[in-house]
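Q: Provided herewith is a single structure, encoded as structure tokens, for subsequent inquiry.
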């Protein structure tokens, strides 16, 4: 275990070194977040299943989802939903074996329509979805029996005229819809979209004069979106239809582009007049995403396709799929292991120890087992910090407080490229790579803060900064440094400016930053793990359970989308939290001394490593036999925090 040389309070002129804190035991806080939210979608999904045999939802059918209320359909005529009807054995729509289908079980349309507004909305949603599946007769019967109306009759006419390309009639329909709309300006926008489609279709058909008339006589007088009109006028120069489609990024005349047009037009109409397109699919997708979002152990890539999930059951991930079971114990180090870090591509793990060595481990892509690749020796003071270059070609190793040297290794060849030391009085305990991979910054608590190239040549230096931990932001200019004044400051080596970003009340022992550069995870002496928003400069969350004194412990973000946080602890455990919850969702036991560092594999969300003073590195993964009752016994080393 490394005791920090930072003090809990420093003067502006310099920092005194506090003594290492005695270890103490604190009971881990237990608790968990809420289980996943349930969305009542069974009935809707079973209705979808009933229509599955009708064929895939086409773009055309998804747009033609209209029906008028209270009208019966005749064979070969027009459906009450506005679609051309099809006949079944010569019988008219809505009949079975020649007999007219009436209200079921004597239920009248008026009694069905007397339900709540929410029930009527559900009926309309079901009707729209069934239209998308092509079940038009079913929709007619549903609307007739329920007494509901899928959409306003004016909207139905408007939809049909748009889909048939009858632009003059569609414009007239807008006048009928005007009284039903909340915003008077919406009519102008809708008319502009209609005329734009009309103009493009004329151009595709080679009717340049007609297109020019639309542009000059109809679009321009609207005095709306003149920039777009200038762009449209440029399409007159297109030599052929394919050139037009490419420049306009337009599908061309036909069902696809008219459906896309309708989707845009529907956004201006109240849902009571015309439902937004594919509304049920949208609601189901939102319900699935909400359940995933509230699932404590969801650690797989999000898939927005409803075909990839079951709508009949609530979403839930088992903790057996979560990396909280020991997969491997690496015992090749012969003293305390102070640091571990997976490479950026997730194929290797580097571990640094008090035994003066760095070990590079290869991760098997199939079994996820780790195998010793090579050992890098000669770090006389031990290795307390490691940093992979952005392309994983190089690895920099730093020592503890009294170490004035820094080693830059070529991982692929095992050769030492640079051994850097500016002065024997220096303390180089932390390092961070510039995103360009050609420079790095390093520093320590004796006031050194350098920027160097790969050969160890000093490029820039910042005087008087007692560095505890470093991080380079993605812009390549700003460097974050925690110092002995319990703060994180941003330093710009180009214009030599600095600014305060985070201020804590206790020493910051270490910190790491999320991939997007927005969040910082701090291990704070005697306080535990804190999450800060670097952009808003506010403390977001304090995570509970971990035992943190004045020893340097490194935590990490992890999992898909970095939804999880893991940290070592002085009580020999590894703690895992969901980023949104303060209570741990798992406590991993197995180590017998302080856990100094945790690293989550960036490419394999179910793989994590921890380094401890007990001389071992533990590799954590899912339960080895997910389908066996024996897995229950594995909870001995993975405390169940969600009960």
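Indices start at 1 and increase along the chain as displayed.
Even glycines carry a Cβ here, placed using N, Cα and C.
Automatic, uncurated: that is what TrEMBL annotation is.
Copied straight from TrEMBL:
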{"type": "COMPBIAS", "residues": "1-16", "note": "compositional bias 'Low complexity'"}
{"type": "COMPBIAS", "residues": "28-39", "note": "compositional bias 'Low complexity'"}
{"type": "COMPBIAS", "residues": "43-84", "note": "compositional bias 'Polar residues'"}
{"type": "COMPBIAS", "residues": "85-116", "note": "compositional bias 'Low complexity'"}
{"type": "DOMAIN", "residues": "151-210", "note": "domain 'CTLH'"}
{"type": "REGION", "residues": "1-116", "note": "region 'Disordered'"}
{"type": "REPEAT", "residues": "330-364", "note": "repeat 'WD'"}
{"type": "REPEAT", "residues": "376-407", "note": "repeat 'WD'"}
{"type": "REPEAT", "residues": "588-620", "note": "repeat 'WD'"}
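Help me see these features in their spatial surroundings.
A: Mean pLDDT for the repeat 'WD' (330-364) in the predicted structure: 97.
Under 8 Å from some Cβ of the repeat 'WD' (588-620) lie the Cβ atoms of residues 1-2, 23, 299-300, 321-331, 333-342, 344-347, 349, 351, 353, 363, 368, 370, 551-560, 564, 566-570, 572-576, 636-639, all in the same chain and six or more residues away from its ends.
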Q: Within the repeat 'WD' (588-620), how many residues are helix, strand or coil going by DSSP?
A: 0 helix, 16 strand, 17 coil
